[in-house]
Amino acid sequence: MLLAEVTGSLGSIGYGLAAIGPGVGIGIIFGNGVQAMARQPEATGLIRQNMLLGFALAEALALIGVVMPFVFGK
Amino acid sequence: MLLAEVTGSLGSIGYGLAAIGPGVGIGIIFGNGVQAMARQPEATGLIRQNMLLGFALAEALALIGVVMPFVFGK
Amino acid sequence: MLLAEVTGSLGSIGYGLAAIGPGVGIGIIFGNGVQAMARQPEATGLIRQNMLLGFALAEALALIGVVMPFVFGK
Amino acid sequence: MLLAEVTGSLGSIGYGLAAIGPGVGIGIIFGNGVQAMARQPEATGLIRQNMLLGFALAEALALIGVVMPFVFGK
Amino acid sequence: MLLAEVTGSLGSIGYGLAAIGPGVGIGIIFGNGVQAMARQPEATGLIRQNMLLGFALAEALALIGVVMPFVFGK
């Protein structure tokens, strides 16, 4: 008797969910960043520096989602 | 007889969900922040200070999501 | 015979869901706040005061999500 | 034989879902509110009064989500 | 032998999902409303009247979510 043949770990789903927010967020950061650069091209260095700061802080949320299944049991 | 071979803890899913909001929120903060910097480059210090304040308050929500499974049983 | 090896409490998922809204909301508050500061730097005190009021009211929703599993059974 | 070791009440998930909308909504109200204050600082009293009216009406949706599990069975 | 110890009614989840949309919608109504008031403070009465009309129509969706489980069987 074979019931559902579903395999895999909930860790994959957990990472997938954790990647939704930073994915949208990084898009908003760079989308507004290129708009800001077009408005003030001479401030490109300042804008790029803060864009990458925001990118790193948002990306960290997804990377924590990679290690969580090892913590909680994968 | 093989039933579903699903493993893992609901804690991974809980963290993943808790990371969606801050991920989008941090993106909105930095996206609007670089726009504000391009409009008023001389206010960069004031803007970055409040951006990082908002970042820390939003990030806290995701970090609470890391410890919740230890509270409720992982 | 192997059935699912899934562990954890639904409380973790409940908190994770409750954190999505405030996470996005806090981002919107601070994102618009830094925009407003760049437009009226002399109103920074007034803006920050109302930003933190909105932050506290939105954050409360996530913190209620922390205690709900204790009310409904974790 | 190991079945799932999942515990908790669906009420926690219900509250979590009910908190998403008000969390985002309160953020939109206060985000636009601080923008409006920066545009018309002399109308701060009127704006804050209507911000808090909107906050109370949105928050009510989450608080109904707290009592629903008691109505439907937690 | 350990089975899942999950309790609760799907009615709570149904209400939670029904509250997401109105929660965001009410936020958009009041957020744009206070912006409109700051632009035209003398039209406050007209704006508030229409804000509350929109609020009542959006709120109705969530309140229908309260009675649905009684219709479909809680």
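Just so it is clear, glycine is given a Cβ too, placed from its N, Cα and C backbone atoms.
Per TrEMBL, the features are as follows:
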type     : residues : note
DOMAIN   : B:13-70  : domain 'V-ATPase proteolipid subunit C-like'
SITE     : B:E59    : site 'Reversibly protonated during proton transport'
TRANSMEM : B:12-31  : transmembrane segment
TRANSMEM : B:52-72  : transmembrane segment
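With a cut-off of 8 Å between Cβ atoms, the residues of this chain six or more beyond the transmembrane segment (B:12-31) that come close are 51, 54-55, 58-59, 61-62, 64-66, 68-69. Non-local contacts of B:E59 (site 'Reversibly protonated during proton transport') by the CB criterion (under 8 A, 6+ apart in sequence, same chain) comprise B:P22, B:I26.
Using DSSP to sort the residues of the domain 'V-ATPase proteolipid subunit C-like' (B:13-70) gives these counts of helix, strand and coil: 57 helix, 0 strand, 1 coil.
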